[in-house]
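The signal peptide annotation in TrEMBL covers 1-24. According to TrEMBL, the transmembrane segment annotation covers 275-299, 341-367, 373-392, 413-434, 446-469, 490-523, 529-557, 569-588, 600-633.
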Amino acid sequence: MAPSAWAVALAALCIVALAPPAAGFYLPGVAPNDFEKKDPLPVKVNKLTSIKTQLPYSYYSLPFCKPDTIVDSAENLGEVLRGDRIENSPYTFEMREPQMCQIVCKISVGEKEAKLLKEKIEDEYRVNMILDNLPLVVPIQRVDQEGAYFYQHGFHVGAKGKYSGSKDEKYFIHNHLSFTVKYHRDEQRDISRIVAFEVKPYSVKHEYEGQWNDKKTRLTTCDPHAQRIITSSESPQEVEVGKDIIFTYDVDFKESDIKWASRWDSYLLMTDDQIHWFSIVNSLMIVLFLSGMVAMIMLRTLYRDISKYNQLETQEEAQEETGWKLVHGDVFRPPSNSDWLCVYVGTGVQFFGMLLVTMVFAVLGFLSPSNRGGLMTAMLLLWVFMGLLAGYSSSRLYKLFKGSEWKNIALRTAFTFPGSVFAIFFFLNALIWGQKSSGAVPFTTMFALVLLWFGISVPLVFVGSFLGFKKPTIEDPVKTNKIPRQIPEQAWYMNPIFSILIGGILPFGAVFIELFFILTSIWLHQFYYIFGFLFLVFLILIVTCAEISIVLCYFQLCSEDYLWWWRSYLTSGSSALYLFLYATFYFFTKLEITKFVSAVLYFGYMLIASYAFFALTGTIGFYACFLFTRLIYSSVKIE
């Protein structure tokens, strides 16, 4: 991406951050387009997608009709990473001017073309188109509600079927498209705004009179002069070597009551919205109830402990102490591998800041679904700028652990997580490139990502580390003994592995319902736009991570085990293990992926997501325990 494009992206992000969501406010590139009668409406084509392979391909990788010159539309960073390839098409309409049985072109099918089409039909690939920034959808009647529809994005390249009386399976291509453009009309100014773009695909074996004369040929299967239209695929177009395929289309314009501002509502409507609502409310009630119970128990128990400890007067009584006060001389002793703990805490803070700001923008409606790739671009840029917080938090903790080489910790923070993710991403991208998919990130975009990392993120991490290390050292509420205290033998249920694995269940339980919808939107190519619920679930996740870490940390200190630093991080961070296991379960129960490369892509990306979730939840649990231990040990009198 050119430097000027980066400047535009950063400027747009600043506008998003500063502009109030006032009435009549439109984000850049999302303002409505007004069309007068007979205004040209160019249709754009996007990638071919399949939920069976998860590998997108360019529209023109198949033998479809092409315009005289193929022009790529400007793409932002998020669109490129998503595999979007938006180009012009030979389909051009005129506003409010219906067309019937328009010929696009005739394609001769050779051996190579037939093989490509059959492969894409076998893998259930869909064709995606765009008109006035609205994606093309196929309306499907809902069984449970009469007159209600849900919308599938894009139409299938073709279908498999058998002729009556034959056992051989054949491949048929959808070569006739019946478009419907719905518009909202302003009668005073006689202008229209497009509010829906729908299609019904048909497979039709076209026949024509006389010699082929390009678009002037008179078809006998459909004829605008005789008002003969296509309503079924009774005589479908078979994909076979040596046969010609004639591509045609109809377009009809319908006036609609839907206003431009509400045109995305039907696209974002979930087919199982009632289940979603019920599940979210149910999860919220359970988690709130558990939170209340845990908080009440913890407050009452701690109040009793602190009162008892503060009433001890004689040395003999002090020697009889048990529980968490007994380890006050060791509880703030720096842990083993403290450097790495600082690195992962800094990474978690970076993720927390990125997600929080992104979700606030999304809830306020700034990240519109019409701005394709906007969400991913915003997250990437915010991640880069949050490097300042990562460096600051890691060096502050590093200084608490009596560290002196702040540059070393800054270097590790800047490279550990991004480096490992980049290595996985590079490997997966090589696999996609090997499949000749349009989802492969180009070299220039890869260079831009490296430039963002080394040019902005790394310097910001170092600046943050420098500022954090300059701050005064955080004072411990109690002094640490020179000689470590021996830890008594622990009960089986306080075994580190057992308690860590148990600790991850509650945070995962708080988010797994929402996780199902997120995975569905990503891997089944559906829109996800319920950011209000997502933000609510994010808050629930913070509360549950904090509470489960505090409870298990308290039990650990009561059993005189003071090695809480790493365990507090791993307790809530172990929810990432359950996330990955759930992703595995989802793969085998909900997806129909059959190709090895596609399976590797799925598990590779879910590994990255789980790794990020580990850093996020682990950091929340760590800081909760950090504040908790400082609070309780500063509340008791230590002789």
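Counting starts with 1 at the first residue shown.
A Cβ is built for glycine as well, from the same backbone N, Cα and C atoms used for every other residue.
If you look at the transmembrane segment (413-434) against the transmembrane segment (569-588), you find fewer than three C-beta pairs under 8 angstroms, all six or more positions apart, and that falls short of contact. If one looks beyond the transmembrane segment (373-392) by at least 6 residues along the same chain, the residues whose Cβ comes under 8 Å of a Cβ in the stretch are 9-10, 13, 16, 75-82, 84, 346-347, 349-351, 353-354, 357-358, 361-362, 367, 410, 413-414, 449, 452-453, 456-458, 460-468.
Listed as Cβ neighbours of the transmembrane segment (446-469) (distance under 8 Å, sequence separation of 6 or more from its ends, same chain) are residues 1, 6, 77, 346, 380-381, 383-385, 387-396, 398-399, 406-407, 409-410, 413-415, 418, 422, 426, 429.
Sequence-distant contacts of the transmembrane segment (341-367) (same chain, six or more residues past either end, CB-CB distance under 8 Å): 16-17, 21, 27, 335, 374-375, 378-379, 382-383, 386-387, 389-395, 397-398, 401, 403, 409, 412-413, 416-417, 461, 531-532, 534-535, 538, 565-566, 569, 612, 615-620, 622-623.
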